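TrEMBL annotations:
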DOMAIN    B:19-328  domain 'Aminotransferase class V'
MOD_RES   B:193  N6-(pyridoxal phosphate)lysine
BINDING   B:339  substrate binding site
């Protein structure tokens, strides 16, 4: 098999469009010049549409996970108490990061495959009587394929005077996220998942309420100090040298998404999510997320049947059927699930490929399955969608 | 839908791997330098493996269709009689080209969807008692998805003292073609179909027998004069300025094919051919080529059902399901068939996508079809193939 | 030394801008689709501005030298008498091509370094009393760095009823060429010299007078048959598969030239020509072209001093000073001159580099020269130019 | 003028080779796969050669300036006293960063254009009797074009039990830096200056002595926690998602430098430094750095003559002569100097261009200068260098 042509269905990085690849080859420019300012401002303007916000959106030269630290050290005073809502491994990691950064962390944990409940959060906030200063949670938990009820959680946080900090790394742009309307205080994402770019950029925005508290956030910081980004925003510059080639790539990617239409991008992801779930169900396999309402439209976690070894299945999918899925993440899930990424530079056709390889790989490793049902079910969902539009 | 991500199932050009695209961006070099010689010789060496020949293989800066003219003016004396075997539109076009080039053309025509029979050719050659100096035919007729019995035809031509000139534009590399062993006199291809490159290169080789007659081929010629290529071969140069960027691309593409294995490349195409046919049959649609033995492994022509308008179907496939097929070619077939290209930078996963879109597009335009069968049948073929290896 | 960063001052190919390289990586498209038509028409429209013509301009997938054959077989009847004006090796090669194509060739030769004189041509045309059907000549003879008086020669050809066929391979775009106004019948160029693209495209246009004679040009032809290009022009297609990646590159290159301004491009080349000549003269070296009026603004040929071996000089320039010049071309000039290309993606700064390396390389091989004068003289020319604008 | 072809002589970013640009377009891969591990380890291995160290070298997804924070929070205990040696604006910024990160900062300042003296540092360390835990300084101060005596300073730091932390952002690879031999405790650089890549990667290594103190460095940290990089090193992974495209670019760039030879790269930069200084002196202009021993070989700062306005000069250089220099940095130097970057993907030819534009731009804005002397002097230096090798 042509090993270079492989369908990448990771949880990220996701495939790069040729247009983005080409944009990244543009010659270097002075990042203190008007040429860069124009680029910087155009990217910011498109990102504001993406975040549905009228606040400034900043682009930092770092991976998506730097969003955790950046959200905290800029807006949450050092050493205060914060609530980490954990529905999967990325939630765990943020909680751990907060502890390392010196915060007093209270954790609210849910079983894998479950979404958080706003009421649970309200209960904890109530009990803590204002001592919890921030609620930290994922919009979309990439390790389990579950999306949290962001709007409801943000509302409870606001009610109790806590900031709502949202990790949108595998959601922003692909899943509905109305930063201003929903009262989200900080939201951030990375370049390498829904945004069709290579990793290396972290993108973040904060509400007026968050900014009002920024001066009290005395946690030592330098590189991730957003005050400096804020100062440089109007002239279209960044305090540190920006990752220019990735900036050009992001510009090209955002242009493609804008051309498609910000809403249409979300509709496409919703269709891909529905197709994935319908396909998996049609095979008789089980989804990790049992609640359709909270099922992620960017990634689907599937329970590996007892008779099958996850690693063998993944290797067969890659070597024999040209598809790379994400393995389970974290001790509990590593052997128990595999995950199908369906975000970014993907269309429903990619979902068909991913589903066919699930069936064929399972069959090839000896699992009793009749190939064809998954794709058929997914085709049906797609067809219905087309007929409705 | 993300319009930039579309599955290109044309009869050519075919998709370009990122590795080839990157190679094409290398800086210009002196085409009279050692640097180019090394490139030129490496490409030639890989092409000789591809053509299964010990003769020299030349790369010209021109489209694949220049192969017709180049084969003729270099090896067939001006104005002599030649036999054009026509099983589709490309056969017609070569015949027409030969007439324009001043040859006396005898045409042997077959119904669309049919392969030529070596016996028919023998009959004509016999009847003409040595006056026919060349037999011109397609290895793979791209307009109908039919492959000719090259070996048998070449044998007959040889028997009657005629050169066998083979248009391998949509076959070389992907379908078995043993130039030396089968006694083929001239074979040529283009860069943009099975070879995973953009159009712009024509690649050609000739047998010792053909070269022995070259001096008698007095047809006026300049640009396509292979004698000049022959003179420059040993120093790794070309008489005219080579298309350097495409040369770099070709080098990268051939390297990928060599890595996969020359035989494996053909096995992959055979699998894609089988999957395509099994899938189409499973839907109840009819293939244009009724003889499995001669069905093309690089392209499948499908008869459009009476109830469906070809153009509407094609538009739906593109706009709603993100797949571009080739329309029927030539007056007779334009409305009657559509064609699914499955060659070059493609894997069986691409065939699944192409098949699903056939079903869904037909369903979307109101044709009575139950989506899912085509992909299921193709998956089964693939699974069987994996199990056998 | 960083061997990848070398200043390419060949007679072609010339350096490729990153923007052109990036454009060439765009995904393949259907060359029978509207997407290609739009590209095709936009390129044609810019080329018409470049050729200063209201006629159609065609882009063929072939090297520049195919222009000789294309001009002849489309517009000049087979076997008639033509006049080849030869002021260098490219003139010789066209004459040879014409002979191979079956024309009766009359040659008018000039000493290397000399331009043709319209009066000489008139004399021959007069003597031949209308039997000469075409006058074939270079606008810019790349082997000697001499530009011919195109306008005057075209006028004489017209007067005597002969077509004027102009090889503009190293001139179109960079040197003034007013196709319509000067009454040129056929002009052509290649993609790889003044047009900042890799080789692989030949671009050609013909006057109404030429087209009026096209039907009588019965020379056998297929690939280079411009009638087919003419038929396909209005729908934005090409009869043969176009070299799509190069087409995208050409579009990007023409856009850059248009942005600069068609006239400004020529002014830049004129400045580079003047700087080159002033620099060479300042060193005491001799130019091959002694008449400033006819000196080429795209390439400067310099006489190698007697004490110096051309090959040693060229090797030193490349290995020690990072500059590649073109060697002398043809037996007579191979050891006698070297040539400095200054066209396409070049600025006066590239001329400074080229000149410094001339001095330094000569000095390094033991020639008695005081480095610095060449660049100083060139700087002065540039400074004067800036002051005048 | 062709505005896209401009000579970038910034202090960074520096020009990108086409080979690096092409490498950045490679398809995304799983950063937890063997494919990435191989890439990661190869890059690390080349970087260890570059740093002249047997310690591990880490690549982070961030700009070069993150090196300040990373060096501190990983190896210097929170809130202790540190010495910042300041010879220019980057020194000031590191000092400021240290203060923001909560360290007690003692500053040792020198006049612009001057290098630090190891003896001064010894005096301060002596006086502080072991309370200063780290000496922070630039190897090459990009704002003034002065290189510090790294070896001597590191030796004093070691003597007094302080760590030597070296900002090598504009030096590593281009200037001699023997990390292990010179006893440097932490050294770091960025991808966008000497390393021929776009910005976005920070590269850092630490000595055994530094690592031995790492556990006591309790400054809150998450993203820049090198312990995590250390844990992942042997499996060829990074704790955060790596900037894959830049990683590919860095691999290509390091391969080019290795091909040239690590020592040869430094020799090239030394030659460019000598040429720049000789050229500037020949014009009668003054260098900011008066001590040849400490003059930077990657960047030359030149004092703008009193009669000339810096901004006007820079604009003329860019618009009329196609060269972009770096302006002066920081309040004191903004109007007083301009800087010529000569590092990374540059050769002595680039220095010639930069020098010619200095003369011509000054002349064009009315300064009394005779163009030609700078380039002549630089040519002479180059010629002498060639003759000696």
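Any Cβ shown, glycine's included, is placed from N, Cα and C.
A TrEMBL annotation is a machine prediction, not a hand-curated record.
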Among B:193, B:339, the most crowded of the recorded positions [Cβ within 10 Å]: B:193
Residue B:193 (N6-(pyridoxal phosphate)lysine) in three-state DSSP notation: coil
Whole-number Å value for how far residue B:339 (substrate binding site) lies from the residue listed as 'N6-(pyridoxal phosphate)lysine' (Cα to Cα): 14
Rounded mean pLDDT for the residues that make up the domain 'Aminotransferase class V' (B:19-328): 97
Secondary structure at residue B:339 (substrate binding site), reduced by DSSP to three states: strand
